[in-house]
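Quick notes on the structure that follows.
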Amino acid sequence: MIDRKLLLQDFDKVAHSLKKRNSVIDDGLERLREIITHYKKQLIELESLQAFQNKVSKEFGIKMTQKVDASDLKKELENNKIKLNELSKSVSELEQKIDLKLSIIPNLVDEKTPLGTSEEDNIEIKKILTPRDFTFTPKEHFELAQKNGWIDFESGVKLAKSRFSVIRGFGAKVYRALIHLMLDFNEKNGFEIIYTPALVNEKMLFGTGQLPKFKEDVFKIENENLYLIPTAEVTLTNLYNDTIISVEKLPIKMTAHTPCFRSEAGSAGKDTRGMIRQHQFDKVELVAITHPKESDVMQEYMLESASGILKALELPHRFVQLCSGDLGFSASNTIDIEVWLPGQNCYREISSVSNTRDFQARRAKIRFKENQKNQLVHTLNGSSLAVGRTMVALMENHQQADGSIHIPKALEKYL
């Protein structure tokens with residue numbers, strides 16, 4: 001959540017950031033501006049009434065001590081108190097309206113984030129590893145998965161519905177091996193391995209920014225204040241919800257393997273075949289909680305950590321800087337890692353590493369103490385990696401002419 005003080009003191013800065021994102025809010029910015037103007041006016045009136053109440057109360061006290069008639073002051077205090085209570089209630093209601101608006105306003109766009117309206121305006125930073133030259137036409141992963149008996153798409157539909165899969169046989173062993181490789185790699189890079197619940201309450205989803213704006217994107221347990229997590233970013237970040245951390249403990253680096261659940265609202269017709277877009281998928285996540293001065297360096301560190309796994313698996317990939325119009329709600333700056341898929345003849349996202357600055361920290365009340373003063377931390381998150389998409393990339397990049405799949409050396413010890 002952005003700072004309420006910033007909204008009140010520099011409304012134009014917030015409006016400019018929303019414009020960069022091509023983002024709109026309910027009732028429009030002008031309506032919000034009107035609410036803020038009215039709030040400021042009433043706040044001044046409230047402070048004036050409070051000052052008057054204090055002044056008259058002192059005068060009343062003096063007269064009472066002197067045993068002088070103070071009935072006129074008493075009446076004045078009673079009338080002023082009625083006005084004070086009414087105005088205080090009105091100011092409180094306006095604060096709630098402003099806070100509700102704040103909860104659905106996305107993060108401020110970082111100065112490093114380029115302007116743009118969609119993914120078409122994202123900027124390639126660099127490529128890592130050269131895509132292989134095939135002597136045959138490479139197949140897509142769903143053909144290879146079925147040929148090798150790695151993935152049973154029909155059973156996924158039978159057990160649940162579309163966008164669910166069953167991984168079995170040697171494919172299940174490869175899938176498990178990928179998870180072990182990712183966790184081991186992350187641990188070597190200083191990230192603590194943590195296993196968390198796959199269900200969280202509403203407060204936790206508010207903390208990381210999924211609620212209230214994106215309620216339709218998450219699965220809610222009927223008759224419970226519980227939701228299936230869309231990413232371990234939610235649980236790892238919120239381990240420190242409403243916590244004051246000693247500055248000596250920063251940075252805090254965590255990694256978790258969890259199932260993730262997404263409704264994929266608005267994705268009808270996209271990636272209907274295969275494992276690219278699923279309602280349930282496994283992901284190994286990185287989350288870091290840092291001192292504000294260290295978050296930029298941490299973002300680079302997390303990118304290189306995720307990239308290191310792809311290098312070990314001999315998978316060509318690239319770094320892409322997201323433009324302002326393609327940023328996620330909580331992100332101030334995001335760099336995607338896209339992996340090469342020869343079957344699709346294109347790069348596809350396999351990780352997003354985002355710096356949310358103090359946006360999530362303010363929502364989740366995550367602070368650190370330095371020089372006897374509490375300040376907001378910075379939080380970062382990124383996939384390291386999406387397991388299903390990594391297996392997709394492995395199948396497509398390491399396929400052989402006969403349809404078999406070569407296993408990279410980095411995975412051998414896990415199989």
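Glycine is no exception: its Cβ is also placed from the backbone N, Cα and C atoms.
These numbers come from a predicted model, not from an experiment.
Look at Swiss-Prot and you will find Thr231, Ala232, Glu233, Glu285, Ser383 tagged as L-serine binding site, backed by sequence analysis. Annotation comment: Swiss-Prot describes Arg262, Ser263, Glu264, Glu349, Ile350, Ser351, Ser352 as ATP binding site.
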Among Arg262, Ser263, Glu264, Glu349, Ile350, Ser351, Ser352, the annotated ATP contacts, find the widest CA pair distance and round it to a whole Å.
19
Just the number: how many Å between the Cα atoms of Ser383 (L-serine binding site) and Ser351 (ATP binding site)?
5
Could you give the Cα-Cα distance between Ile350 (ATP binding site) and Glu285 (L-serine binding site), in whole Å?
12
Quick one: what's DSSP say for Ala232 (L-serine binding site), helix, strand or coil?
helix
Pairwise CA distance, Ser351 (ATP binding site) versus Glu285 (L-serine binding site), rounded so that it is a whole Å:
9
Through the lens of DSSP with three states only, how would you label Ile350 (ATP binding site)?
strand
With every protein chain in view, how many other Cβ atoms are within 10 Å of the Cβ of Ser351 (ATP binding site)?
29
